[in-house]
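Features of the protein shown, as given by TrEMBL:
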| type | residues | note |
| --- | --- | --- |
| DOMAIN | 1-186 | domain 'YjeF N-terminal' |
| DOMAIN | 195-457 | domain 'YjeF C-terminal' |
| BINDING | ALA230, GLY290, HIS333, ASP399 | (6S)-NADPHX binding site |
| BINDING | LYS370, GLY371, GLY372, PRO373, SER374, GLY398 | AMP binding site |
Amino acid sequence: MEEAGRAAANELRRAFPGQATLLLAGGGANGGDAFVAARHLLSLGVGATVLALPARHPLTRRNRARWRAVGGQTFALTPAALARRSRDAGVLVDGLLGTGFQPPLRPALAEVVGAVNAARARGLAVVSLDLPSGLDAALAEAGLSVQANLTVTFSGLKPALLFGPAAERAGRVVLAPLRLPPEWATAEALAQRPLDADLGACLPVRAAGAHKGTAGRVWVVGGHPGTAGAPVLAGWGALRTGAGLVTLHSGAEVPLLHPELMVRRHSDLGAFLDGVSANGRPDAVALGMGLGPDAADHARRVLRWGLPTVLDADALQPELAGSGHDRCVWTPHPGEAARLLGHTAAEVTRDPLSAARALQAQLGGVVVLKGGPSVVAAPGGLSVSRGGHPGMASAGMGDTLSGILAALLGQGVSPEDAARSGVRLHARAGERAARAFGYGLSASDVAAELGGAWHDLQAAAGAPGGGT
Ligand SMILES: NC(=O)C1=CN([C@@H]2O[C@H](COP(=O)(O)OP(=O)(O)OC[C@H]3O[C@@H](n4cnc5c(N)ncnc54)[C@H](OP(=O)(O)O)[C@@H]3O)[C@@H](O)[C@H]2O)[C@@H](O)CC1
Ligand SMILES: Nc1ncnc2c1ncn2[C@@H]1O[C@H](COP(=O)(O)OP(=O)(O)O)[C@@H](O)[C@H]1O
């Protein structure tokens with residue numbers, strides 16, 4: 001609590017120098033953080049006042065007493081007191097409820113939360129401690145809750161700060177790492193967020209003597225009348241991620257939009273897949289993009305090969321549970337995840353970490369639950385992607401990702417590393433494309449930026465550019 005409150009005070013002083021601060025302290029340890037922050041602000045020469053509920057947590061009572069001992073003033077917290085005293089403040093600190101909040105919000109505190117949001121609407125900056133009061137730390141949903149400008153969170157990023165409407169409540173998020181006992185720290189850090197430096201180090205480096213046959217042969221199995229463009233997007237994503245040789249196999253007439261891609265149409269795709277000999281197979285497969293109603297049957301055929309395989313879109317069927325292997329990467333968006341789990345999409349987006357974990361248990365291999373951000377669930381644990389751009393919410397974007405992942409798998413990257421670094425490459429390319437094209441991004445715009453994204457990740461890892 002001492003470290004948390006001190007970190008919050010330092011951040012407050014950095015973000016709002018010299019501003020008189022009104023701190024709201026709830027009865028639990030989150031309120032205790034507010035008392036500690038107030039004491040440190042005072043010692044830094046910042047004017048601070050606390051409005052508090054009766055302290056119930058022993059450490060909160062102790063820190064309330066320490067605040068009094070240094071001359072700090074505490075008044076009873078009521079909506080009226082908040083409205084009155086917030087007029088003289090430059091910043092309002094929300095230390096009402098943290099990870100101990102159990103919904104639903106009781107009426108008395110609901111009124112206080114309403115008063116905080118009203119003060120913010122009048123122009124006062126609001127800083128939440130650990131997470132905005134009224135949010136359930138584990139969930140992406142937001143009922144009545146504080147809208148913050150800044151959240152100083154302690155020890156680990158809670159799911160509420162990462163996903164959905166809850167994350168929008170937090171404003172800018174600053175993570176204050178605390179020196180907690182290791183077992184507490186693990187519980188707080190519910191998912192890892194890998195850094196570009198780590199992900200860049202996973203990318204393959206092509207040998208000077210490489211030729212197209214050694215740089216990863218990727219097959220894309222997809223396309224159906226009406227969705228024949230999907231495999232093209234995947235194939236182009238694969239080529240732009242360094243695959244040496246990309247072949248599209250389809251039962252449909254796939255448009256030859258990029259002459260670099262080989263296109264093979266099969267009157268009986270199932271018979272073709274059944275007849276491929278072991279040495280005629282590629283290094284990796286991406287299957288399912290626009291593939292249509294027979295996708296699960298085709299997936300079973302390809303899964304028998306035991307090759308690194310990305311399963312996307314139409315191949316994401318519950319009947320495939322148990323048919324996968326540990327070299328599979330499954331890439332559902334929330335709608336497909338809901339179909340696989342027998343839940344609604346709203347249930348998936350409310351708790352994406354649990355959904356990703358459940359999908360991985362059901363399907364095996366590695367699961368990428370796509371979104372902004374995406375979750376990668378692997379046998380080794382969960383990670384949450386960074387970056388991306390809301391403009392990426394457009395059709396075909398996931399097809400490009402499948403191609404990226406297949407290209408990395410085809411170049412020998414492990415499924416877990418391919419998923420984590422591929423998702424970040426895609427997101428980084430989206431950020432770059434947004435700079436070039438603005439808000440309305442297409443999947444092709446993003447594919448065009450994959451080379452730059454690759455360079456950015458390698459640079460973050462301190463590696464020399466590819467080619468030698
Ligand atoms: N873990 C760590 O390592 C560290 C944790 N730290 C800090 O501790 C925080 C967690 O503290 P916590 O567990 O004391 O809970 P907290 O968020 O203050 O909430 C409890 C209070 O809320 C109230 N309340 C609950 N539900 C309610 C409702 N529906 N409607 C209304 N009221 C409701 C409940 O009331 P009661 O049920 O007691 O009447 C009680 O007063 C964490 O977020 C972080 O800030 C840091 O110091 C760093 C180290
Ligand atoms: N708001 C966002 N922020 C970051 N990435 C996003 C956002 N919205 C979508 N994406 C990314 O775009 C892709 C969309 O995939 P998907 O829904 O499968 O598209 P499609 O089925 O049309 O190919 C996913 O990789 C997802 O992570």
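Backbone N, Cα and C atoms are what each Cβ position is placed from, and that goes for glycine too.
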Extra residues within 8 Å (Cβ to Cβ centroid of LYS370, GLY371, GLY372, PRO373, SER374, GLY398), AMP: HIS333, VAL368, LEU369, VAL375, SER385, GLY388, VAL423
Neighbourhood of ligand 2 - binding-site residues from ALA230, GLY290, SER374 with Cβ under 6 Å: SER374
Residue among binding-site residues GLY290, GLY371, GLY372, GLY398 with least C-beta crowding, 10 angstrom cut-off: GLY372
Sorted by sequence, non-ALA230, GLY290, HIS333, ASP399 residues with Cβ within 8 Å of centre, (6S)-NADPHX: GLY222, THR227, LEU233, ALA234, GLY288, MET289, ASP312, ALA313, ALA395, GLY396, GLY398, SER402
Inter-residue Cα distance where the pair is GLY398 (AMP binding site) and GLY290 ((6S)-NADPHX binding site), in Å: 11
Binding-site residues near GLY371 (AMP binding site), in sequence order, restricted to ALA230, HIS333, ASP399 and a 10 Å Cα cut-off: HIS333
Site with most surrounding Cβ atoms, counting all protein chains shown within 10 Å, from the binding-site residues HIS333, LYS370: LYS370
Alpha-carbon spacing, SER374 (AMP binding site) to HIS333 ((6S)-NADPHX binding site), which is rounded to whole Å: 9
Secondary-structure category, per DSSP, in which HIS333 ((6S)-NADPHX binding site) falls: coil
For HIS333 ((6S)-NADPHX binding site), the one of GLY372, PRO373, GLY398 that lies nearest, given that the binding-site residues are compared by Cα: GLY398
Neighbourhood of ALA230 ((6S)-NADPHX binding site), C-beta criterion under 8 angstroms, separation at least six: GLY222, GLY223, MET289, GLY290, LEU291, ALA313, GLY396, ASP399
Cβ contacts of PRO373 (AMP binding site) (under 8 Å, same chain, 6 or more positions away): LEU162, PHE163, VAL384, SER385, ARG386, GLY387, GLY388, ALA427
Which of SER374, ASP399, the listed binding-site residues, has fewest other Cβ atoms within 10 Å: SER374
Where ALA230 ((6S)-NADPHX binding site) falls in three-state DSSP terms: helix
Conformational class of GLY371 (AMP binding site) under the three-state DSSP mapping: coil
Largest separation between Cα atoms (Å) of residues that the record links to AMP, namely LYS370, GLY371, GLY372, PRO373, SER374, GLY398: 13
